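> Below, the features straight out of Swiss-Prot:
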type: TOPO_DOM; residues: 1-17; note: topological domain 'Cytoplasmic'
type: TRANSMEM; residues: 18-38; note: transmembrane segment
type: TOPO_DOM; residues: 39-417; note: topological domain 'Extracellular'
type: DOMAIN; residues: 186-417; note: domain 'Peptidase S1'
type: DISULFID; residues: C211-C227; note: disulfide bond
type: ACT_SITE; residues: H226; note: active site, charge relay system
type: ACT_SITE; residues: D271; note: active site, charge relay system
type: DISULFID; residues: C336-C352; note: disulfide bond
type: DISULFID; residues: C363-C392; note: disulfide bond
type: ACT_SITE; residues: S367; note: active site, charge relay system
Amino acid sequence: MYRPRPMLSPSRFFTPFAVAFVVIITVGLLAMMAGLLIHFLAFDKKAYFYHSSFQILNVEYTEALNSPATHEYRTLSERIEAMITDEFRGSSLKSEFIRTHVVKLRKEGTGVVADVVMKFRSSKRNNRKVMKTRIQSVLRRLSSSGNLEIAPSNEITSLTDQDTENVLTQECGARPDLITLSEERIIGGMQAEPGDWPWQVSLQLNNVHHCGGALISNMWVLTAAHCFKSYPNPQYWTATFGVSTMSPRLRVRVRAILAHDGYSSVTRDNDIAVVQLDRSVAFSRNIHRVCLPAATQNIIPGSVAYVTGWGSLTYGGNAVTNLRQGEVRIISSEECNTPAGYSGSVLPGMLCAGMRSGAVDACQGDSGGPLVQEDSRRLWFVVGIVSWGYQCGLPNKPGVYTRVTAYRNWIRQQTGI
């Protein structure tokens, strides 16, 4: 008799392998959708920069506000930046606001005007006109906050990335994180990248690297006097810019070399010189000046500093062709002058920096190069000039630098800076 074929129950189809396959496909689709969402949220946004000015009604302008090196300039700038930041953090723009920076404090009448750049991150489809209106509405509330009386300007200018770079590279001591108003600070490894130390100069004798230096204006380089002891004629010297001494971004002839009259090759006292360039240097992301400290700036033992240069990696070795950087600590003159150290050879116009264990140090070919420190506003100041030391990287024998604060008036007399 005919018997129909039995129907397979649905449960027979869903074997463990089939269930696993469905789960894998489902998870894969969900992961893909999440990835697309993350990509959209991350890459749909871009940075927007704006410039504005603020009149400070209850602060009188003084000469101390003329330089970012002074305590007064730093304190007032930080107060203004904190007020603006707090206002945006408590507004509807809190998720879009990134950072603000006072570019300059200037005189207007007897009062102070602060020029400020602000950074936001928002959708690429952002309506700039609407964004500008929203920013203005937040800034209008500044007059009633904090203990500064601020009158925000109604003028808010949208800046391109290039505009922002042009504005911020006119300020001394700006590294890449400040030029882009980034929240990240990265200094890693020993190899410097283009733009990391934009004030670094290679002073070359007959087109061969001989000493380092630091650009302190568009016409002047700060360096060590001992670099020119045997070769004082400027016609043999050029200054190059960029991380490579073999293929520099820019090469400029030297017009004049002004070494300190009191330099002693015996005591190494007054080991400082300024070099005048033959032509003005145009500032950019990769080439601009470092800040000079105030004569009263306190260099604190134990604080972090960075030394940069093309010096040899070991005592007696060859110079390198790509710029290197080293993190060191400031060491007190008392510690540096102990019998285990330099036994009193470190004079008041000198500064010690290195590591107690040795290892990281300036070496031959680094002479004249800068020792720099960062302030609370991410501006970098040259506090030392590579001068001398016993060999390189030995315990208790740190590098000895010319103390720039001790020669601040001399630098001003020679250069007008």
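Placed from the backbone N, Cα and C atoms, the Cβ positions cover glycine too.
Each of the listed features needs to be described in terms of its position in the shown structure.
Residues belonging to the topological domain 'Cytoplasmic' (1-17) score a mean pLDDT of 45 in the model.
Under DSSP, C227 (disulfide bond) is assigned to a helix (H, G or I) in the three-state scheme. Long-range neighbours of C227 (disulfide bond) (same chain, six or more residues apart, CB within less than 8 Å of its CB): L203, H210, C211, A273, S367, G368.
Under a cutoff of 8 A between CB atoms, and with a sequence separation of 6+ in the same chain, the neighbours of H226 (active site, charge relay system) are Y263, S265, R268, D271, S367, S387, W388.
Around the Cβ of D271 (active site, charge relay system), the number of neighbouring Cβ atoms within 10 Å comes to 30.
The Cβ neighbour count for C336 (disulfide bond), using a 10 Å radius over every protein chain in view, is 25.
Under DSSP, S367 (active site, charge relay system) is assigned to coil, being neither helix nor strand in the three-state scheme.
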> In the three-state scheme derived from DSSP, which category covers C336 (disulfide bond)?
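Note: C336 (disulfide bond) is helical by DSSP.
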